[in-house]
Amino acid sequence: MSDNSQKKVIVGMSGGVDSSVSAYLLKQQGYQVEGLFMKNWEEDDDSEYCTAAEDLADAQAVCDKLGIHLHKINFAAEYWDNVFEYFLSEYKAGRTPNPDILCNKEIKFKAFLEFADEVLDADYIAMGHYVRRSFPENGEKPQMLRGLDGNKDQSYFLYTLSHEQVARSLFPVGELEKPEVRRIAEEQGLITAKKKDSTGICFIGERKFTDFLSRYLPAQPGNIESPEGEVLGQHQGLMYHTLGQRKGLHIGGRKGGGGNEEPWFVAEKDLKRNVLIAVQGQDHPMLKSEGLIASQLHWVEREPIRDVMKCTVKTRYRQQDIPCTIIPIDDENIKVIFDEPEIAVTPGQSAVFYQGDVCLGGGIIEKRIKYTQA
């Protein structure tokens, strides 16, 4: 076993159970471990939603228990400039972005890594993400693999990492299943053992999304229409809706043509007219896509894919893998054709590609290729 005692690891301590157990495991493995707590959002007056102070207290308690030093850093300015402004601009453009992916790219594995490197003299950083690393024996570049716990795997959120970042990052809980992580935390008497997982977007926390968004983007109400142009109801703003969405349309009791009582789903956003197009039934052809065009590509190996390739793709988190074919357009854009039509492919979200357990990388969905019935 290699001697880890000369290697310094800076663990991103969030105040949650995963980072707590990560710090414990690395200490057990003999590393010199220190924690770093990031504050990425300046609190507003919504104190009941903002858990930063509570998270910091929990992170400090865990570090005290483990006997490691906790550093603190404020990345709120970087977060605003590199994550939040993009998030708003995408919503303004009628798309549905994923800020957690951008946060990993710009903050956790860029600003954090640079600070750990330059100020704290780290050999590695570590996070409580459920992914694994693989170092091929032939000396090839390191790969990122799905986490062992398929239900918690977070490789979808980390596809923007390069092989250099993968080589510098440790993911101790990626080798474990979640119940085991909680069991370790409990055994070690860590205050975070029973703390529930955070579910909200990092800067919104658990507060109501529509309320939060309306503070920054003025809502423009408009019509909800059927594909034939019949007005079905009103929406409060296109930005509050995403393709394939069923809840929140408030037209549930409305029957369609021929007394159709199936539920309504968002099929399209007509930005020019500020109209939401809704259709009935989850199998409606307008909800289906044959594929997608993706841009802003990131490949873990850094080499663009230049040949047609069979693999699988996820177009949203916790989705079953979709068998597909990648057809390169150029180094910046690819066409992806699904083996079978897929529903709720959403521009602005990420398409992430896999071969087996290996995460190849991904890109932003620019547009979907609409389903055409044979």
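Just so you know, glycine gets a Cβ as well, placed from its N, Cα and C.
Annotated active site, nucleophile per Swiss-Prot: Cys103, in sequence order, evidence recorded as sequence analysis.
Per Swiss-Prot, active site, cysteine persulfide intermediate is recorded for Cys202.
The DSSP secondary structure for Asp18 (ATP binding site) is helix. What Swiss-Prot lists as ATP binding site is Gly12, Met13, Ser14, Gly15, Gly16, Val17, Asp18, Ser19, Met38, Gly128, and the listing cites sequence analysis.
For Cys103 (active site, nucleophile), the number of other Cβ atoms no farther than 10 Å from its own Cβ, over all displayed protein chains, is 25. Following the DSSP three-state reduction, the secondary structure of Cys103 (active site, nucleophile) is helix. The disulfide bond annotation in Swiss-Prot covers Cys103-Cys202 and rests on sequence analysis.
According to Swiss-Prot, the feature site 'Interaction with tRNA' maps to His129 (among others). All protein chains shown were included, and the count of other CB atoms within 10 Å of the CB of His129 (site 'Interaction with tRNA') stands at 27.
The site 'Interaction with tRNA' annotation in Swiss-Prot covers Gln349 (among others) and rests on sequence analysis. Of all the Cβ atoms in the protein chains shown, 23 others lie within 10 Å of the Cβ of Gln349 (site 'Interaction with tRNA').
Reduced to three states, the DSSP call for Gly12 (ATP binding site) is strand. The ATP-binding residues named in the record, Gly12, Met13, Ser14, Gly15, Gly16, Val17, Asp18, Ser19, Met38, Gly128, extend over a maximum Cα to Cα distance of 16 Å. Met38 (ATP binding site) falls within a strand when secondary structure is assigned with DSSP. The separation of Gln349 (site 'Interaction with tRNA') from Cys103 (active site, nucleophile), Cα to Cα, is 14 Å. Taking the Cα atom of each, Ser14 (ATP binding site) and His129 (site 'Interaction with tRNA') are about 11 angstrom apart. For the binding-site residues given as Gly12, Gly16, the lowest number of other CB atoms within 10 Å of the residue's CB is seen at Gly16.
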